[in-house]
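Okay, structure first, notes after.
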Amino acid sequence: MHDANIRVAIAGAGGRMGRQLIQAALALEGVQLGAALEREGSSLLGSDAGELAGAGKTGVTVQSSLDAVKDDFDVFIDFTRPEGTLNHLAFCRQHGKGMVIGTTGFDEAGKQAIRDAAADIAIVFAANFSVGVNVMLKLLEKAAKVMGDYTDIEIIEAHHRHKVDAPSGTALAMGEAIAHALDKDLKDCAVYSREGHTGERVPGTIGFATVRAGDIVGEHTAMFADIGERLEITHKASSRMTFANGAVRSALWLSGKESGLFDMRDVLDLNSL
């Protein structure tokens, strides 16, 4: 992997997130936009990636074939769908390319494929690339260790109407951070839905509630509720650029790393706190 001018390829270049990833790649010093990809048959194929993102002409045209651009990038940034990301993962593993994965909604087999690939290539895989969200995850660990055994814990998340997975990857990461701090497995204590006569709340569980409406970029709250008081830790995103900037920053951070599985907390060095 090159030590300077890390060349990135953007998957789903014509989507909302893809366009902002292009903008972020063009703006960050030390990063070069090397390739932009769209699905076969897209009307955007052949377009200039910079013009597509409203950033001016770059000379990088949108293509559908990874083979055609395999010599043009060092790190592949993917915020698409699980099935597409896994295809891209296999290609990157075969050709020794780093990856930044922001796709959510993987099943356990998909997550295992990412872990397996990290034996051969360097991957940053995170549910959320926002600096604020990752600071929040660290705060949740601290709060859970102090309050978790004595409070009812609920996670509430809201996103735009087009989001296809629920709960969000970030909400699940919040649950995992809390469960880990309490020496629990989230699979054993998560409650994802309540309907009808549910009975009283089961102590020690972590509840999840999901909202899908309008154009909400992303809102997440963790509630630690006791009798007479509750602590709420909330993050609200108002622009996808916060995720795009974090993803491109992660690609730059991968410079010089040959293999391994990392997350945004590694990029921000939060694990040392």
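Start at 1 and count along the chain as shown; that gives each residue its number.
Just so it is clear, glycine is given a Cβ too, placed from its N, Cα and C backbone atoms.
If you draw a 10 Å sphere around the CB of His159 (active site, proton donor/acceptor), it holds 25 other CB atoms from the protein chains shown. Feature annotation from Swiss-Prot assigns active site, proton donor/acceptor to His159; the stated evidence is sequence analysis.
Here the Cβ of Lys163 (active site, proton donor) has 16 other Cβ atoms within 10 Å, regardless of which shown protein chain they belong to. As annotated by Swiss-Prot, active site, proton donor applies to Lys163, with the evidence given as sequence analysis.
Secondary structure at Gly12 (NAD(+) binding site), taken from DSSP and collapsed to helix, strand or coil, is coil. What Swiss-Prot records for Gly12, Ala13, Gly14, Gly15, Arg16, Met17, Glu38, Gly102, Thr103, Thr104, Ala126, Ala127, Asn128, Phe129 is NAD(+) binding site.
Here Swiss-Prot flags Arg39 as NADP(+) binding site. The Cβ of Arg39 (NADP(+) binding site) lies under 8 Å from the Cβ of Ser64, Gly84, each of which sits 6+ residues away along the same chain.
Here Swiss-Prot flags His160, Gly169, Thr170 as (S)-2,3,4,5-tetrahydrodipicolinate binding site, drawing on sequence analysis. In the three-state DSSP reading, His160 ((S)-2,3,4,5-tetrahydrodipicolinate binding site) counts as coil. A 10 Å cutoff on Cβ-Cβ distances gives His160 ((S)-2,3,4,5-tetrahydrodipicolinate binding site) a total of 13 other Cβ atoms nearby, all chains included.
Rounded to a whole number, the distance between the Cα atoms of Thr170 ((S)-2,3,4,5-tetrahydrodipicolinate binding site) and Arg16 (NAD(+) binding site) is 19 Å.
For Gly14 (NAD(+) binding site), the number of other Cβ atoms no farther than 10 Å from its own Cβ, over all displayed protein chains, is 21. Across the structure, His160 ((S)-2,3,4,5-tetrahydrodipicolinate binding site) and Gly14 (NAD(+) binding site) are spaced 18 Å apart at their Cα atoms. For Gly14 (NAD(+) binding site), the nearest of the recorded positions His159, Lys163, Gly169 in terms of C-alpha separation is Lys163.
Counting only same-chain residues six or more apart in sequence, the Cβ atoms lying under 8 angstroms from the Cβ of Glu38 (NAD(+) binding site) belong to Gly12, Ala13, Gly14, Leu44, Leu45, Val62, Gln63, Ser64. When Cβ atoms from all protein chains are considered, those within 10 Å of Gly169 ((S)-2,3,4,5-tetrahydrodipicolinate binding site) total 17, not counting its own.
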